[in-house]
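Engineer: Below: one structure in structure tokens.
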Amino acid sequence: MCPDIGTVRILIHHGTRRKCESGSNGRQMMKPRRAGASRGYEEMDGSNVPGYGTGVTRNGATGASSIGSTGSSTDATSPINGNGGAPPEFELASVSVVPDDTFTVTQAVNALGFGWFQVKLSLCVGLCWMADSMEMTILSVLGPALHCDWGITRYQQALVTTVVFLGMMLSSTFWGHLSDRYGRKPALTLCGVLLILYGLLSSVAPSFGWLLLLRGLVGFAIGCVPQSVTLYAEFLPTKQRAKCVVLLDCFWALGACFEVALALAVGPNLGWRWLLGLSAAPLFAFAVITPWLPESARYHVASGQSDKALTTLEQIAKDNKRPMLLGRLVVEGPSGSRGSVKALLGSSLRRTTLLLWFIWMSCAFCYYGLVLMSTELFGGKNKTVLPETENDCHPLATTDYMDLLWTTLAEFPGIFATIYVIERFGRKKTMALQFLFYAGCVLMITVTDVRVFLTIILFMARGVIAGLFQAAYVYTPEVYPTALRSVGVGGCSALARLGAMATPYVAQVLFQSSIWSAVSVYGFFAVCASVACMLLPYETRGTDMGQ
């Protein structure tokens, strides 16, 4: 009988003319030892240890390896251990191992590299981001349409936006807990189903109250979308992680452009109900593909399901056409408390968590504030003001849709600039510089009334703040361990929604009374957030994601 060696490196003592080899059923089979092979100790063939390690010499005539520290190899008739007999012995053939017979998910992901597996995952996660972007973009179109159709007030228009962000804020931590306890894949699957359901029901809402409720539930489901970034980042090699996560913002911009084009084609003829229904198409596509999404290998290892993690890693190796590492998969470091907000505020992570909460809140506050201020600055220039008897209805014109489209396209330069800068200056410095640049841009709004210059300023600010959002998405999953990664990203997302809920009162209410006061608020928060970025205790550029 041959021993069941599993994945442990073994040196076998020779004494018979038979050796073990792997059979078709995965067990070790006996076969004749190579003719002329030396007696002594031989390392298994196929070892992936370069040069067979220190002190190991290669016998060119026979292909046998002998350990130099044991002295010279003996021949087939030499006595062993001082006696004239030769005890039975055998050798194992063709087993590949890593030097220490163990590896982590981080080592496996880095070794398997970026390939077809990551490309497929990019498209799936990108579709999720497109759906999120469309649901956000539609808010700028839905308000004016409801104002004309149902005669709602401006305050009620703002409430339609606020209730979506409220749902997102309330659900972020919930989705983080769910993802950390039951996995990223089940959470995203449930998210896709709920988004389709509430999105379609919104299109047939009979009253404004029902619409508010359903849009709030849509926001609740959208709160799970950041978990797709967590899943995506956990499958990316260290060298490609930052670039790929930032490039996800391209899908956000594409989703916004698609929604504006859909609104231009559908809105004037079929109305907002058809627009809401058709906007659920990417959500339906995402819900269909979620059963094929891979579960996070890091989550499986952290939750004690190493066999499932190995299956996922083998699929990566197959898709990327790379050899699978052999050895025992181990957890890198302690897992700690899974899915615990209390753990986020522990002594080791308290400073990081509080600073990231403020950074995310400021980022959302500044991003959505800029979008709303752009509407206020350009609004009315291409509109025909109707008599008050017609509810002061201002349906969006083609030029309005084009302005929205150009504003969205301004995010692409910010994305690519962030990709270039983030790997050269690091995550912290990149975010700090972007906040300062944004502060300078918004303060320049008050010094010019020329539309061309104003447009350039707004586009630069939009590109910078869009790239900053993605830089935050890169840094946050990197700085938290696997056990707390989802709840950490979820908590940051919740604070971001709080900032988004507060910004309409500055960008729309305060802006109408004093432009200088409004832009000063945004400039102040941007400068404070820049300081917070530099105070973060860890720089994650070039580091592996912790287990």
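Placement of Cβ uses the backbone N, Cα and C atoms for every residue, glycine included.
Okay, these came from TrEMBL:
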type	residues	note
REGION	16-85	region 'Disordered'
COMPBIAS	60-78	compositional bias 'Low complexity'
DOMAIN	121-541	domain 'Major facilitator superfamily (MFS) profile'
TRANSMEM	155-175	transmembrane segment
TRANSMEM	187-206	transmembrane segment
TRANSMEM	245-266	transmembrane segment
TRANSMEM	272-293	transmembrane segment
TRANSMEM	354-373	transmembrane segment
TRANSMEM	404-422	transmembrane segment
TRANSMEM	431-447	transmembrane segment
TRANSMEM	519-538	transmembrane segment
Engineer: So which residues does the transmembrane segment (272-293) touch in its own chain, when a touch means Cβ under 8 Å and the partner is 6 or more beyond its ends?
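Structural biologist: For the transmembrane segment (272-293), the nonlocal Cβ contacts are 121, 124, 127-128, 130-131, 134-135, 138, 141-142, 145-146, 149, 185, 188-189, 192-193, 195-196, 199-200, 202-204, 231, 255, 258-259, 262-263, 266.
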Engineer: Among 155-175, 245-266, 354-373, 404-422, 431-447, which stretch has the most Cβ pairs under 8 Å to the transmembrane segment (519-538)?
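Structural biologist: Against the transmembrane segment (519-538), the leading stretch is 431-447.
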Engineer: Residues of the same chain, at least six outside the transmembrane segment (354-373), with any C-beta under 8 angstroms of its C-beta?
Structural biologist: 140, 345, 407, 431, 435, 438, 442, 445, 458, 461-462, 465-466, 468-469, 472, 475-476, 479, 488, 491-493, 495-500, 502-504, 506-508, 511, 518-519, 522, 525-526, 528-529, 532-533, 535-536
Engineer: Name the range, of those listed as 155-175, 187-206, 404-422, 431-447, that has the largest tally of Cβ pairs under 8 Å with the transmembrane segment (245-266).
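Structural biologist: When the Cβ pairs under 8 Å are tallied, 404-422 comes out ahead.
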Engineer: State the residues, same chain only, that lie 6 or more residues beyond the ends of the transmembrane segment (431-447) and have a CB under 8 A from a CB inside it; answer 'none' if no residue qualifies.
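Structural biologist: Cβ under 8 Å, 6 or more out: 359, 362, 366, 370, 373, 377, 418, 421, 425, 454, 457-458, 460-461, 464-465, 467-468, 471-472, 475, 515-516, 519-520, 522-523, 526-527, 529-531, 533-534.
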Engineer: Calculate the per-residue pLDDT averaged over the domain 'Major facilitator superfamily (MFS) profile' (121-541) and state the result as an integer.
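Structural biologist: Summing pLDDT over the domain 'Major facilitator superfamily (MFS) profile' (121-541) and dividing by its length gives 81.
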Engineer: Against which stretches of its own chain does the transmembrane segment (155-175) lie, if we need a Cβ under 8 Å and a gap of at least six residues from its ends?
Structural biologist: 135-136, 139, 142-144, 146-147, 187, 191, 208, 211-212, 215-224, 226-227, 341, 486-487, 490-491, 493-495, 497-498, 500-501, 504, 508
